[in-house]
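Engineer: Sharing a structure here in structure tokens format.
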Amino acid sequence: MASSTKYIFITGGVTSSLGKGIIAASLGKLLQARGFSVTIQKFDPYLNIDPGTLNPYEHGECYVTDDGAETDLDLGHYERFLNVTTSQDNNITTGRIYNNVITKERKGEYLGKTVQVIPHITDEIKCNFYKLGEDGKFDVVITEIGGCVGDIESLPFIEAVRQARWDLGPHNFLVIHLTLIPFLKAAKELKTKPTQHSVKQLLEAGIQPDILVCRTEYHLPMDVKKKLALFCNVQLNSVIEAMDAETIYDVPLLMKKEKLDERVMSKLKLSSKQNTDLENWKDFLGKLKNPTQEVNIGLIGKYVSLPDSYKSIIEAFTHAGAAIECQVNLKLISSEEINADNYESKLEDLDGILVAPGFGERGFEGKIETVRYARENKIPFFGICLGMQVAVIEFARNVLHLKDANSTEMEPHTPHPVIALMEEQKNIDQMGGTMRLGSYSCELKRASKAYSAYGKSKIQERHRHRYEFNNQYINEMESAGMVATGKNPETNLVEIVEIKNHPWFVGVQFHPEYKSTVLNPQPLFKKFIEAAIDNKKVK
Ligand code: GLN
């Protein structure tokens, strides 16, 4: 393959959840700081075509890209760290690979041949490995292989990585293996055996890792590093320590201290005179760690038992909070536990209230109570997607006195469908990839909280929903004080609602959290936190 693009593969061993995505994003950041253009892609071993149909409880948030792909939440980390957008091509699942191969088989593209895992599935995987590097836009493509080495389901990916070494040739291909060095309390020792085993498994599959990144709670003494190098067949200076960090945003700097970027560059024969100091990044970290004030914000949703379900929202608060030097104490509260009798005790400590995105009826009435409390008590309120829809329904019920107003998602026969299925959704019978997805433009009214946040009237934000504000109710709503301050200029779909007679009450049909990055905190989050600070002062 004639290409100057360098390919780095990151595999994981010993256990899952070691933070491959963060290591990938951190390495990407460091290479970016050296002047290279970098993209990161994730290959997931499960059979769903994409994570769009997965329950957030199982897999955390579904991250949506500009081009409307429903992807793994690690893509969120890539965008937040690198400040560049990703796309459908950055997240591939086994399901998609098989789907592509089977579609080709039906078209007759393999006519006469027995279609097999090797070479057909592995060829399809490799074709997708190389896709982003093909047009020469990127100097480096980092590929994170989901799951753990040794899992049955990731075998074809590992085999494809083995083959890729020969396609790409020396100095264009590198494998980093992320592993865990556990500390045994009783023996007071860091143990290397699980890593030795996991590297053996890689070797059995024909892959020699070039660099080991070792997650650890304690510094790795030299003798442990030497043992790892010796038994795992890697150079001593390629045993990289990855200590547990206070925040994920420390990891790029920790990896720089450990010279991960230098090791990668030397092995890939990448040279660069540039070595920026990540000043902006350090500035962000300084503010994040030294806040001058704090606020309590409640995130009310139904997936709170797994905070990863709200990953991008949580990170957007981190970025926006740091930008204004405010520590955001985010309290995740289950909407199922809020009712007409207890809402006050559940919500009274909060300086600001966010009602989260979501699907389905469970916990819905708790969200209505929450919005009513925020509206009546003039608590800064931010509704995202379903959160915005709830705000509209609450207003219809309690201000317009349209009893039983609802979304047709919750009650298909409601007498007042203030939120209803979008026209283009009416004939859709498949669940996967069929929502209104990806980036759409929105035109803001000048006199609005949204305009004062963004500072411009044309914005682009990402979407993931089927239902919408029902424009039949717009006049009634607006004359009672809930105003549509943002609309899609082509379709007239309401994208933002605000309540005039309230310090800060904003509901958005889109997901502003997806576009928040370390270097570009999301403006609505900043303004919402500022409103919460003001509210705290008044209290
Ligand atoms: N369930 C709502 C819809 O489909 C909201 C979706 C969301 O919050 N992402 O319109």
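Every residue, even glycine, has its Cβ placed from backbone N, Cα and C.
TrEMBL does not curate its annotations; it predicts them automatically.
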Engineer: According to TrEMBL, SER17, LEU18, GLY19, LYS20, GLY21, ILE22, ASP74 bind ATP; which one of ALA245, ALA316, ALA320 is listed for that same site?
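Structural biologist: ATP site check in TrEMBL: besides SER17, LEU18, GLY19, LYS20, GLY21, ILE22, ASP74, the record includes ALA245 out of ALA245, ALA316, ALA320.
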Engineer: Write down the one residue from GLU70, GLU337, GLU344, GLU409 that TrEMBL lists together with TYR57, GLY358, LEU386, GLY387, MET388, GLN389, ARG466 as binding L-glutamine.
Structural biologist: GLU409
Engineer: Counting other CB atoms within 10 A of each CB, which of the recorded positions LYS20, LYS191, HIS511 comes out lowest?
Structural biologist: LYS191
Engineer: Quick one: Cα separation, CYS385 (active site, nucleophile) versus GLU144 (Mg(2+) binding site), in Å?
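Structural biologist: That separation, Cα to Cα, works out to 30 Å.
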Engineer: If you check the recorded positions GLU144, LYS191, THR195, CYS385 one by one, which have a CB less than 6 Å away from any atom of ligand 1?
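Structural biologist: Close enough to ligand 1 are CYS385.
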Engineer: The record lists SER17, LEU18, GLY19, LYS20, GLY21, ILE22, ASP74, ALA245 as binding ATP. What's the largest Cα to Cα distance among them, in Å, rounded to a whole number?
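Structural biologist: Across SER17, LEU18, GLY19, LYS20, GLY21, ILE22, ASP74, ALA245, the two farthest Cα atoms sit 18 Å apart.
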Engineer: Using DSSP with the three-state reduction, classify GLY19 (ATP binding site) as helix, strand or coil.
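Structural biologist: In the DSSP reduction, GLY19 (ATP binding site) maps to coil.
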Engineer: Which state, by DSSP, holds CYS385 (active site, nucleophile): helix, strand or coil?
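Structural biologist: CYS385 (active site, nucleophile) sits in coil per DSSP, no helix or strand.
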Engineer: In angstrom units, rounded to an integer, how far apart are the Cα atoms of LYS191 (CTP binding site) and HIS511 (active site)?
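Structural biologist: So the alpha carbons of LYS191 (CTP binding site) and HIS511 (active site) sit roughly 43 Å from each other.
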Engineer: Between the Cα atoms of ASP74 (ATP binding site) and ILE152 (CTP binding site), what distance do you get, rounded to the nearest Å?
Structural biologist: 22
